[in-house]
Amino acid sequence: MLQTTNKPPLTIRLCQPRGFCAGVDRAIQIVVLALKKYGAPVYVRHEIVHNRYVVEGLQSLGAVFIEELSEIPAEHRRSPVVFSAHGVPKSVPADAQARNLFYLDATCPLVSKVHKQAMRHQRLGRHVLLIGHAGHPEVIGTMGQLPEGAVTLVETEADAARLVPADPKALGFVTQTTLSVEDTAGIIRALRERFPDLQAPAAESICYATTNRQEAVKDTAPGADLYLIVGAPNSSNSRRLVEVAERAGATMSLLVQRAAEIPWNDIGTISTLGLSAGASAPEIIVDEIIDAFRQRFDVTIDLAITATETEDFPVMRVLRDVELTPADMAFVNGAA
């Protein structure tokens, strides 16, 4: 006998790729490996990635999150300290060395590439224009690679219009890795209109994961009654995905950290849901949200595959002799 359901039908357009990128995987793995090799506590300067679920999971394993190296107690000065995936100014490792601290730099290799691009511009005599968001840890880290005054932050096309450089013919730009691809292109166009000699970095600064996730959302947003992005409010790449969904045609687009944040009373009647996750959001939260909708709807999953990601960034040599258990790997990969 066929069973019937009184639940309304709902198609979930599930983006792939979504969630953790290679840089996030690597950063989380570094903290877990350090805990297994050296024991707790392992100190982490700033949130290793911008996601509370991940941070709280690492805290439960013995990680201690700090904002300044001066917060490390004297009795734990031999404990490892990990720098977050967003990168740090040059002054931070210098401070760690001055304090005789053992540090592990979990800066995403693609962020490190931007640092090198900025330094190359300076070596070639160019003033560096950094396209990014003021106050973001990645921007602070990139600006801190060069002497004060060597970098100018450009956040908007209006900033580009106001810019008065000392030498308009000696400019080079780099970008934060997690920006809106479309917004960044507009800022670069505005800069080039005013400064035709503006030099680009040797390679694209916006990372593959940012681009892939934005393209996936753009492809799946048209006609969606609601689009949910799993991510934290302080996650730049997650907030950009919300904006992309709105621009691409989703009726409503929201950022949520957990299923408990879904505003059921505001959703109304929906038949199509778009779903993706920022690069620092674990897959287990995506599963949690799908389960929450299954409780209220007769769900059909429409998997929208727009790219295949094979990138893998190895950890530093000092941690490669440590083996992770299947449970460790599940956490590192966002599945637990």
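Here the Cβ of each residue, glycine as well, is placed from N, Cα and C on the backbone.
Fair warning: this is a prediction, and the values are worked out from it, not measured in the lab.
Swiss-Prot lists Cys21, Cys108, Cys207 with the feature [4Fe-4S] cluster binding site, giving sequence analysis as the kind of evidence. Around the Cβ of Cys108 ([4Fe-4S] cluster binding site), 26 further Cβ atoms fall within 10 Å across all displayed protein chains.
Just so you know, the Cβ of His136 (isopentenyl diphosphate binding site) picks up 17 other Cβ atoms within 10 Å once every protein chain is counted. According to Swiss-Prot, the isopentenyl diphosphate binding site annotation covers His50, His86, His136, Ser235, Ser236, Asn237, Ser280.
Here Swiss-Prot flags His50, His86, His136, Thr177, Ser235, Ser236, Asn237, Ser280 as (2E)-4-hydroxy-3-methylbut-2-enyl diphosphate binding site. Annotation note: Ser236 (isopentenyl diphosphate binding site) sits in a helical segment as assigned by DSSP. Neighbour density for Ser236 (isopentenyl diphosphate binding site): within 10 A of its CB lie 25 other CB atoms from the protein chains shown.
Look at Swiss-Prot and you will find His50, His86, His136, Ser235, Ser236, Asn237, Ser280 tagged as dimethylallyl diphosphate binding site.
As annotated by Swiss-Prot, active site, proton donor applies to Glu138. DSSP gives Glu138 (active site, proton donor) a helix state.
Taken over all pairs of the listed (2E)-4-hydroxy-3-methylbut-2-enyl diphosphate-binding residues (His50, His86, His136, Thr177, Ser235, Ser236, Asn237, Ser280), the Cα spread reaches a maximum of 15 Å, rounded to the nearest whole number.
A Cα-Cα distance of 16 Å separates His50 (isopentenyl diphosphate binding site) from Cys207 ([4Fe-4S] cluster binding site). Taking the centre of the Cβ atoms of His50, His86, His136, Thr177, Ser235, Ser236, Asn237, Ser280 as the (2E)-4-hydroxy-3-methylbut-2-enyl diphosphate site, the nearby residues of that chain (Cβ within 8 Å, site residues left out) are Val49, Pro137, Glu138, Thr178, Asn234, Ser238, Gly278, Ala279. Its Cβ placed at the centre, Cys21 ([4Fe-4S] cluster binding site) has 29 other Cβ atoms within 10 Å.
Taking the Cβ of Glu138 (active site, proton donor) as centre and 10 Å as the limit, one finds 25 other Cβ atoms among all the protein chains shown.
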